[in-house]
Amino acid sequence: MVAKGLITFTGVMSWVLAALLVVAAAAGVGTASAQAAGLKKGFYKKSCPRAEDIAREVVWARVAGNRELAAKFLRMFFHDCFVRGCDASVLLDSPTNTAEKDAAPNLSLAGFDVIDEVKAALERACPGVVSCADIVALAARDSVSFQYKRNLWEVETGRRDGTVSSDQEALDDIPAPSSTFDILLANFSSKGLGLQDLVVLSGGHTIGIGHCNLFSSRLFNFTGKNNPSDNHYFVNLKAHQGMFTSDATLLTDGRAANIVDKLQDPGVFFDAFKNSIKRMGQIGVLTGANGQIRKKCNVVN
């Protein structure tokens, strides 16, 4: 059943950056690597050989007509992992409007119809095999990769779907953008992520509401050499042009400031981003006999 909660948080912009900065503050115990023991590359190689191809085909077809979907799917992935781990709980509907997607931080999420389209295609090919949680992770990667026609990072699969979704948990787990550096770092550390992940994933805030329309040219700007590039966020940050307090707080710690300096190099940033988003995708995952494989992504079986 979908857990009940009460929407008490107001405003949208008060959580945008924090939601992206603290994507690893999902429910769960132990480090990200321990939680991800059941994930692996090519998990569906035998059970559904074309799973990733099917997901990519649907996503690319939809992104071709709406480039903003890349930003939307990456945000969806962040928000899913942020609450209860990467278990597709953000996709669940509630008849009383008390699921995660009903909470203020998630009201601007979009792309659910495309996730449903991917799921329907996969159910036709391999009924009851591919989880909605993995579809969210793949959609994030594939939508961003569309303009390059190649996978920009590796997605480990094998996640299973959760059965609980609470708007109150979404509200409780997203700190304000006024959070101090120590609070943000503590959130990351409690989930097995480190200082570099905090700084690197903060670059992802360039695809949030405040910068959604600048996604292509800022986070994954095409260099002309078939390589994505982004140093705008970190260059602006060093110039003290951060969007929120939690941007500027990265410069209040000497170690973080040193990482910001290094991430102004586009190549360094993207290599680090690939590693950090992979670790983020390991937070609080359900594997093995835990969770379920939903037949439809918006309802539990």
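Along the chain as shown, residues are numbered 1 onward.
Any Cβ shown, glycine's included, is placed from N, Cα and C.
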Pick from CYS48, CYS212, CYS297: which one does TrEMBL say forms the disulfide with CYS126?
-> CYS48
Candidates CYS132, CYS212; TrEMBL says the disulfide mate of CYS297 is CYS132
Could you state the whole-number distance in Å separating the C-alpha atoms of ASP230 (Ca(2+) 2 binding site) and CYS126 (disulfide bond)?
-> 38
Here the recorded positions are HIS79, VAL83, GLU100, CYS297, and the Cα closest to that of CYS48 (disulfide bond) is found at CYS297
HIS79 (active site, proton acceptor) has its Cβ surrounded, within 10 angstroms, by a count of other Cβ atoms equal to 26
Let me know how many other Cβ atoms fall within 10 Å of the Cβ of CYS132 (disulfide bond).
-> 30
About how far apart, in whole Å, are the alpha carbons (Cα) of ASP87 (Ca(2+) 1 binding site) and CYS126 (disulfide bond)?
-> 20
Count of other CB atoms lying within 10 Å of the CB belonging to CYS81 (disulfide bond) = 30
Close to CYS297 (disulfide bond), taking Cα pairs within 10 Å and only the recorded positions CYS81, VAL83, CYS86, SER89, GLU100, are SER89
